[in-house]
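**Q** Questions regarding the structure given below will be posed in turn.
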Amino acid sequence: FSWGRFRKIILKMFPVLNWLFSYRFREWILRDLLAGLSVGMFQIPQGLLGVWLTRLPLPNINGFLSAFCCSMTYVIFGTSHHISIGSFSILNVVVTDILKTLSFNQTLSSNGSLDNFSDPTFIKDYMEALMLNASITFLTGIIQLLLGCFCLGFVTTYVPKTLIDAYLAAAALHVIVSQFSFIFDVILDFHKGPLNIFYNVFNFFLALPKANATSILLFLLSMAALRLNTSVMISYKHSSIAFPMELLLIITATIISNRIHLHAESSSALVSMLPQRFLPPTLPDLSHLSNIILHAFFLALLSYFLLVFVGERYASLHNYNIAGNQELVAVGLCNICSSFFKSFVVSSAISGTVIQEKTGGRTQLAAAIGASMMLVIALKLGRFFQMIPNGILAAIVVFNMLPFLEKIPDVPILWRRDKYHFVIWLVTFAAVLCFGLDVGLVIAMGFTFFIITVRSHRMKMVVLGQIPNMNIYRSLSIYRAAREIEGIKIFQCCSSISFANVNHFKTYLLHKMDMKAVPLDESEMRALTSLSLSDAAEERRGLKCSCVCDPPLPPPRIPYREKLVKRRHADSDSSSSSVNLVHWSKYGDKLSSRTLLVGAADAQCAPPGINTGLRTEKNEDEGRTAGLSPGSAIDNSSVQLDQEEQPMYLPCPVHTIILDFSMVQFVDLIGSELLRQIIHMFHNTGITVLIAACHSSVIADFEKNDFFDSCVTKERFFLTLHDAVLAALDKHQKLDKLEPTAEESAEEPPAEQQKVFSLTFM
């Protein structure tokens, strides 16, 4: 324990202390005051209009008290400087849809009239709906709080910015369509299910003959005023803030509407029918827990991601970070507070957030001022705001949604920059637009994780060459100055190796080496198995006794199950006279890597001076295959050449393969196993595989995966790529000095001292 750690924990639990202790009073107070007044004045009529969309008449006092408590809770526990917490209309519609699926009898008919509250049956249904709504909100908050306590907010780190932009753009379109009821002054039942936004737009256009012309005119005039306001800026402390046109519109509309009858629909008619008494806070009823827990879980995710997406947008604009886990805790506490007042699930109030940011809000003090102003004015002067025409409020909401649509024209540019992100944007936007915010979010997140998985595991390999006279190695396809070293192939692996891409890794290597892997036949597999068993018996030679109760020994590990053949002859008939056979000879412990036995078809183009007098292997040598070392090839795979074919020696083009693992972060179990087999297969053809610049964590993965054996040792690993190149050249030069001449090859060592590595090329 230390005071520094205690202070760090307190600041993490209560983010309000971070900006409160560093608050620049002279620079920020007027900004926050102006932003708070604008947000608070907008929240009053906006809260009154919420009943139109939700069709659940919550008493005004409960709604305003819930908004105040949630705002103050987020001020204390939230990490975003610009989020305005509150109910979100689309979330409220989702909740009412859930209530309808649970056999809730809706109380608001399509024409906007309210049933008689004196009816006992109606009152019973009404109270049951409010209690069930409170239970859903409470359970949503509990789920968010638990997710935050278990630090599951890290999921947002895997969400790309393109998904956030696409999601918010589609959500903005949903909000705009939901405002058509206020713009046209026509109340319709919203279509539910896939493609609901298109059905709703179509139904509203069919209802245009019934639209209120005055409401449409007020909407257009308000939009024009807000558009002109973008060219009016206020300079304060060497920075510019937008003129608070929303505040001016609300005040002006309130004064005019209370003096003149504008013949446009307002919230006064609806509010007059709502119960005015305050419903005291009560604990939620969890008797329907089994029916609502799944809905609450999806609402918890939807509320959280909407909050984080909006918060991330403005955090990036103002160069600060938000904490995902702390946001889960904050919004969870806000929903728990909201449930006590029987209110809806809360999240980021997008319109209020936009107003708070563009009017100069710098900290959550603006939200605290706005919530206080909203509560005081709503309780004392709320009746005056009931007369504001709905078309003016709809104009404010629609105009504040437009910034989220500004990046749609830039989507074609995204195609040229990054096709993966373009696809993510397109799928997210289409899914949210067609299936709604909840199902669309699931589709978008699932598709994004799929793309991230595919992209991170997609193998990218590069062939490297050396910059002359330097220890620098670059891609041969990009750098013209890079030159390939004779006899050495250098491959750079630009991603981690796992089960998802290891086959592509193998295919790429074999393609560049002009080889193909074919399965071993039964005789070769039996020889390898017997060889492994003999090695295991050799290790257990010193064992004197054993117990029958000991666990059985594991089956012998087969070092490889395939052999390499030349790709250009892989599909030809094995009985063809043009069969090529790679013939590697091992003298004692020194491996010759420069002899290639070819058929008569290739002998015709052989250069002069090459001795072609090497004899072929005899069938009686096949019995000695069981005694070969684990890294040697199986003589059974040799093909008997025709009598008229004369073998000849040609220089081997590649004697060493170097794998640059400087960009490899991990190698899983399947990748380790196949990589070990690849090394064995190349070793059997006389090609040495070296690994360079491998991180210590990757070597630790190899050790845990039982990667190393008698053939694949740590001697193949080098600290740098240049070290591996020097070692390969040095080893090859030493082997050149030890190789026999053409005359010496006629006098081969005795059969018991010679080990022949042969590989058939079909």
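Placed from the backbone N, Cα and C atoms, the Cβ positions cover glycine too.
Annotated compositional bias 'Basic and acidic residues' per TrEMBL: 615-624, in sequence order. Taken from TrEMBL, the feature domain 'STAS' covers 478-728. Taken from TrEMBL, the feature region 'Disordered' applies to 609-635. If you look up TrEMBL, you'll see 33-53, 129-154, 166-184, 204-226, 292-310, 384-402, 422-452 marked as transmembrane segment.
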**Q** Sequence gap of 6 or more, Cβ distance under 8 Å, 3 or more pairs: do the transmembrane segment (292-310) and the transmembrane segment (129-154) meet that?
**A** yes
**Q** Pairs of Cβ atoms less than 8 Å apart decide it: which stretch in 33-53, 129-154, 166-184, 384-402, 422-452 has the most with the transmembrane segment (204-226)?
**A** 384-402
**Q** Taking the transmembrane segment (422-452) as the reference, which of 33-53, 129-154, 166-184, 384-402 gives the largest number of Cβ pairs under 8 angstroms?
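**A** Against the transmembrane segment (422-452), the leading stretch is 166-184.
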**Q** Go through the chain and flag residues at least 6 beyond the ends of the transmembrane segment (166-184) whose CB is under 8 A from any CB in it; none is fine as an answer.
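**A** The answer is 49, 52-53, 89-90, 93, 190, 197, 200-201, 204, 207-208, 210-212, 215-216, 219, 265, 305-306, 309-310, 313, 350, 390-391, 393-395, 397-398, 401-402, 404-405, 407-408, 424-426, 428-429, 432-433, 436-437, 440-441, 444.
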**Q** Near the transmembrane segment (384-402), which residues from the same chain, at least 6 beyond its ends, have a CB less than 8 A from one of its CBs?
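**A** Non-local partners: 42, 44-46, 48-49, 52, 172-173, 175-176, 179, 181-183, 185, 214-220, 222-223, 226-227, 246, 249-250, 253-254, 257-258, 262, 264-268, 271, 350-351, 354-355, 377-378.
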